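Undergrad: Following this message is one structure expressed as structure tokens.
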Amino acid sequence: MKKILVVGDLIADYYLWGKSERLSPEAPVPVLEVQKENKNLGGAANVANNLISLKAKVFLCGVVGDDLEGKHFLNALKARNIDTSGILTDKTRCTTLKTRIIAQNQQIVRVDKEIKDPLNADLRKRLLDFFTEKIQEIDGVILSDYNKGVLDFELTQTMIALANQHHKLILCDPKGKDYSKYSHASLITPNRAELEHALHLKLDSHANLSKALQILKETYQIAMPLVTLSEQGIAFLEKGELVNCPTIAKEVYDVTGAGDTVIASLTLSLLELMSLKDACEFANAAAAVVVGKMGSALASLEEIALILNQTHPKILPLEKLLETLDQQKIVFTNGCFDLLHKGHASYLQKAKALGDILIVGLNSDNSVKRLKGDKRPIVSEKDRAFLLASLSCVDYVVVFEEDTPIKLIQALKPDILVKGADYLNKEVIGSEFAKETCLMEFEEGYSTSAIIEKIKRTHND
């Protein structure tokens, strides 16, 4: 589990939902009949919440007011298992509160309650002390700047320098027009309007996009410059060339918090050693999930996997799979299935013959890496899942992040759990949740390890 420190402006998002069918007799304004209300974590706290949804360990650093709103905010963070030891109380300011009034699913007004003054010297020192204390134990840092007073120029630059000194990835979500504030960061995530405002350059062509990203890289020393382009995806530089990672088409209900989702998912992807292109694809998928919901929504790993793997209808997250199954006789097996070969296909065909539905649990890339080492898998989970789903004997594929499929087996309760004959006299994980466990012989002479060794020998020759 990656440990990430999030520093920035903490915002309470308050939503009033209802219907408006008449004007007030007091003034020509609509009257909202409130039907429901809810409070969400916003700003840097929404970034932290997104990271929790993506299975990270999060330390949050920022400031709340000495008020009831601040107390509720801290309780909400703790309920999400977000570490609040870096959150300070400022007696001179209120907790930032943004109230959105929504009628018939359309936002009609937003009311902001906030103080944007810079922090006093004592609070700045205490925030920096916390940052300095945590920097050695965490894997990466996100600076979530909403221009509410927490991340001033000096504090931002000091934190970036400390992160670089300790060789930590540090990403910034910028505000304002002086990007020297974020110089030497690993990556920043401005949107089109923010970058145009900062560079006084209209991003209306490939040439200008490329020029803007070159400025970020050369003038501000941003290691991985990129810009988010709403429905046009994410643009970045690769070996000096402009690359566009297109967005994933999906109906948009609300873009609130989408930027927080992007920086959270980019951070985790890069910490998992994905390429920048793959990280952008992952971030686009996460954003596609949240814009399809109302409010500052979250994206789970399962929802993101569904978006990424939507090219094949057999690849489903567990929740969707459970909704799909009926009264069929279910056979379940699992594995890494790296470099799919004849032995795999034969094994799966024999497993399918035991029942009506064959479900294959597939270890994710991270899971394979933990089990088999940093050089595996050879084939990505997206491609492995697609290849398995393309086999006629396989009815469904579900990817799991854990080291074992115990959660899948417990939820599915298969009629038959199939494992290889090499499990003879060994404990078969999840067998207590299956009606029957079947150990099946592999076809002799076929294995992924043997294929890898043969490739190595051929290459060496």
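Every residue gets a Cβ built from N, Cα and C, even glycine.
Note that the coordinates shown come from a computational prediction; the quantities given were computed from them, not determined experimentally.
This is the feature table in Swiss-Prot:
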REGION    1-311  region 'Ribokinase'
BINDING   ASN191, ARG192, ALA193, GLU194  ATP binding site
ACT_SITE  ASP260  active site
REGION    332-461  region 'Cytidylyltransferase'
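Distances, neighbours, how buried they are, the whole picture for these features please.
TA: In this view, ASN191 (ATP binding site) is surrounded by 18 other Cβ atoms within 10 Å of its Cβ, with every protein chain counted.
Annotation note: ASP260 (active site) sits in a helical segment as assigned by DSSP.
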Undergrad: Could you check the recorded positions GLU194, ASP260 and say which one's CB has the fewest neighbouring CB atoms inside 10 Å?
TA: GLU194
Undergrad: Applying the rule Cβ within 8 Å of the centroid of the Cβ atoms of ASN191, ARG192, ALA193, GLU194, what extra residues of the same chain belong around the ATP site?
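TA: My list of surrounding residues reads PRO190, LEU195, GLU196, HIS197, VAL227, THR228.
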Undergrad: Whole-number answer please: how many Å between the C-alpha atoms of ARG192 (ATP binding site) and ASP260 (active site)?
TA: 15
Undergrad: Let me check the 10 A CB neighbour count of ARG192 (ATP binding site). How many other CB atoms are there?
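TA: Its Cβ shell of radius 10 Å holds 18 other Cβ atoms.
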Undergrad: Using only C-alpha positions, which one of ASN191, ALA193, GLU194 is spatially nearest ASP260 (active site)? These are the binding-site residues in the record.
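TA: Of all the candidates listed, ASN191 is nearest in space.
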